[in-house]
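Pulled from TrEMBL:
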type	residues	note
TRANSMEM	24-43	transmembrane segment
TRANSMEM	49-72	transmembrane segment
TRANSMEM	84-102	transmembrane segment
TRANSMEM	108-132	transmembrane segment
TRANSMEM	153-178	transmembrane segment
TRANSMEM	190-211	transmembrane segment
TRANSMEM	246-266	transmembrane segment
TRANSMEM	306-330	transmembrane segment
TRANSMEM	342-361	transmembrane segment
TRANSMEM	381-398	transmembrane segment
Amino acid sequence: MSYVRSGTSIGVSSSDGNRIDTPVTVVAVLGILILAAVCFETIDLRQGLLALVGAGFGFVMYQASFSFAGGWRAAVTEGRTANLRAQMVAIAIAGLLMMPLLEQGNILGQPLIGALGPLGISLAVGSLLFGFGMQLGGGCASGTLFTVGGGSFRMLLTLAFFIVGALIGTAHLPWWAAQYSIGVIRPVEFIGLWPTILAQTLGLAAVFLLARRWEKHKRGSVEPIHNPPATSLDMRWSHRVWRGQWPLLWASIALAALSVANLLLAGQPWSVTFAYNLWGAKLAAVFGLDVTQWEYWTWSMPNQALAGPILAESTSVTNFGLILGALLAAGLSKTFAPVTRIPLGSALAAIIGGLLMGYGARLAFGCNVGALFSGIASGSLHGWVWFVLAFIGSLAGIRTRRLFGLEG
């Protein structure tokens, strides 16, 4: 891989002139079309379109090297904050677009619900564990998927144990949920829609400016998010769309737009980790473990998802699409280069990180996507609490990486 945006775990390049990796590209395109067609034929049109939205998420994240875990690590260890600042922009745009829709409650017959979570012990413990785990695992929930799509065998290991951790989390969540909590807090209920959007945007802008100041202090200059990476190849913007090395601002805008599409099609904001719970439960049944009597799986939404086909569950569809979208981006940029050899320390870190992220995401009612991105964009205070505590956990995780022979 000839180009790696600092702070991310995957390279995105437009090497070899106009050439693409044709076999990978063809497999990815066929995979996306088949997924969408099967969802359309067996479920409905909305699920088919969600498959395309999921592919869009993966394509965008890969082409821009848009990374939560790597972005946070780069900010801490190198003073590079471009990814972190781009995340704030994406959430701000998504919130501006999504919160008025959520207040409507119903669009064209589709009920809309936000990504809400209670403030309590479960959220605190889960977000700390997740933040710690994602620095060992090498990616967050969405980052794990798009790097798997890019050919990372190590992240496939992280994903496998993410699913195991998530399943264990479903066994324990009822106990954690019964611990101290002050419930869901939505500022919109106290100060109204537009004051909430204004306050939230100002909060995100404050993080953006603090990150910018930190980078200026640490590095003497600030990398703009509206320009392509400094090391990228010179090419027309139309060429760059397909071949990668996107400016991060492009990704921020695209992810916000795709999040709105996800909300309108699925009736809920973009989420990732619920699918891991479901995949774990379905796989457990294959090996003879019946989870249907676990309290979590008797709750309405989990019970309905477990009883139905996997493609009827929206986060599973977008997750499958995300992997294929990243694979398409890797094919077009000719950066699909699987590495099967994983050092023992790195493998151990991937296993521990995956377990902690899976368990933590279940306790915290989401990950960087479901809790941070969609939580804040939904106007839920738990998204902000998750952000602070996960970042603290991430700081501890960064310090631990060297014990496993990992950089940074």
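Cβ from N, Cα, C; glycine included.
Annotations in TrEMBL come from automatic prediction, not curation.
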Stretch-level contact, the transmembrane segment (381-398) and the transmembrane segment (153-178), CB cutoff 8 A, at least 3 pairs = no
Ask   = For the transmembrane segment (342-361), which stretch among 84-102, 108-132, 246-266 has the most Cβ pairs under 8 A?
value = 108-132
Request  = Report, as numbers and ranges, which residues of the same chain sit near the transmembrane segment (306-330): CB under 8 Å and 6 or more residues beyond its ends.
outcome  = 12, 21, 24-25, 27-29, 31-32, 35-36, 38-39, 42-43, 47, 50-63, 142, 145-151, 244, 262, 265-266, 268, 270-275, 278-279, 281-282, 291-292, 297, 336
Intrachain neighbours beyond the transmembrane segment (49-72), with Cβ under 8 angstroms and 6 or more residues off its ends = 4-5, 7-12, 32, 35-36, 39, 81-84, 86-87, 134-135, 137-140, 142-143, 145-146, 149-150, 241, 244-248, 250-251, 254-255, 258, 261-262, 265-266, 270, 314, 317-330, 333, 368, 372, 391, 394
Message = Given a Cβ distance threshold of under 8 angstroms, which distant residues of the chain, six or more beyond its ends, lie next to the transmembrane segment (246-266)?
response = 12, 46, 49-50, 53, 56-57, 60-61, 63-64, 66, 82-83, 85-87, 89-91, 93-94, 97-98, 101-102, 107-108, 110, 112, 225-228, 240, 314, 318, 373-374, 377
Key: Cβ pairs under 8 Å between the transmembrane segment (190-211) and the transmembrane segment (108-132), at least three   = no
